[in-house]
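This is the structure I want to talk about, given as structure tokens.
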Amino acid sequence: MRHFVVFLYMFLALSIPTAFAKKHIVTKKGNHQDITNDNEGENAEKKSATVAGAVIAGGELALKILTKILYEIGKIDRKIAIGVDNESGLKWTALNTYYKSGASDVTLPYEVENSKALLYTARKSKGPVARGAVGVLAYKMSSGNTLAVMFSVPFDYNLYSNWWNVKIYDGEKKADEKMYNELYNNNNPIKPSTWEKRDLGKDGLKLRGFMTSNGDAKLVIHIEKS
């Protein structure tokens, strides 16, 4: 009996610290997972600031931002990343997007305050279809007028090339086929690969913008006070 008590004492002396040590390790592991999750949350917040459908500080808008969000679309033959910087002194509220061809996987950012920039993407329709990413988006400005941005990334570069355009319409006007046709055919559409500057003729605003010429297109536009 005496030997059994000694044995039991030695067994407990060895087992209890080990048990506590194991428990301590598990606790550390749990904390590490929590920290990892917190970091993932922080990364998600940082990521959300540079994904399509988001609004970022206007000063952050650059082609490298558009390259990043374009990559997120994946391997699609015709796609475009659009960034529009609001330096108009006005607040913009989204109206809608009209597509001549293609679609988008994100929602047009609803509100764009002054000194902010919206990020948006479009792509050709999924599947083996000979279509491009072509359309126009519209925002109502706090002046009461509408800002329209046309973009065209065609499928057939033997017949067409990338084009873009911007116009301010009187009053509230949703994007539709008529608006698209006017901006594409009758309002001096802008060619890619060179910086364009143009007075917009209303609300004392002008534009400065650039579009790349390939099928993975990037379009950056700054709307500024004249």
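Note that Cβ sites are derived from N, Cα and C of the backbone, with glycine treated the same way.
Since the structure is predicted, the reported quantities are computational estimates derived from the model, not experimental observations.
Grabbed the feature section from Swiss-Prot, which reads as follows:
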type: SIGNAL; residues: 1-21; note: signal peptide
type: REGION; residues: 50-59; note: region 'Plays an important role in the hemolytic activity'
type: REGION; residues: 58-77; note: region 'N-terminal region'
type: BINDING; residues: S101, V134, S152, P154, Y180, Y184; note: phosphocholine binding site
type: REGION; residues: 152-167; note: region 'Trp-rich region, which is important for the binding to lipid membrane'
type: SITE; residues: Y160; note: site 'Important in the initial contact with the lipid membrane'
Tell me, in order along the sequence, which binding-site residues from V134, Y180, Y184 have their CA within 10 Å of Y160 (site 'Important in the initial contact with the lipid membrane').
none
Taking only the residues the record lists as binding phosphocholine, namely S101, V134, S152, P154, Y180, Y184, what is the largest Cα to Cα distance between any two of them, in Å to the nearest whole number?
14
Counting only residues 6 or more past its boundaries, what in the same chain has a CB within less than 8 Å of a CB in the region 'N-terminal region' (58-77)?
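Cβ under 8 Å, 6 or more out: 50-52, 83, 85-87, 105, 115-117, 119, 121, 123-124, 126, 155, 210, 212, 215-216, 218-220, 222.
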So, three-state DSSP: helix, strand or coil for Y160 (site 'Important in the initial contact with the lipid membrane')?
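DSSP call for Y160 (site 'Important in the initial contact with the lipid membrane'): coil, neither helix nor strand.
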Check S101 (phosphocholine binding site) against DSSP and tell me helix, strand or coil, would you?
strand
Run through the Cβ atoms and count how many others sit within 10 Å of the one on Y160 (site 'Important in the initial contact with the lipid membrane').
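I count 13 other Cβ atoms within 10 Å of it.
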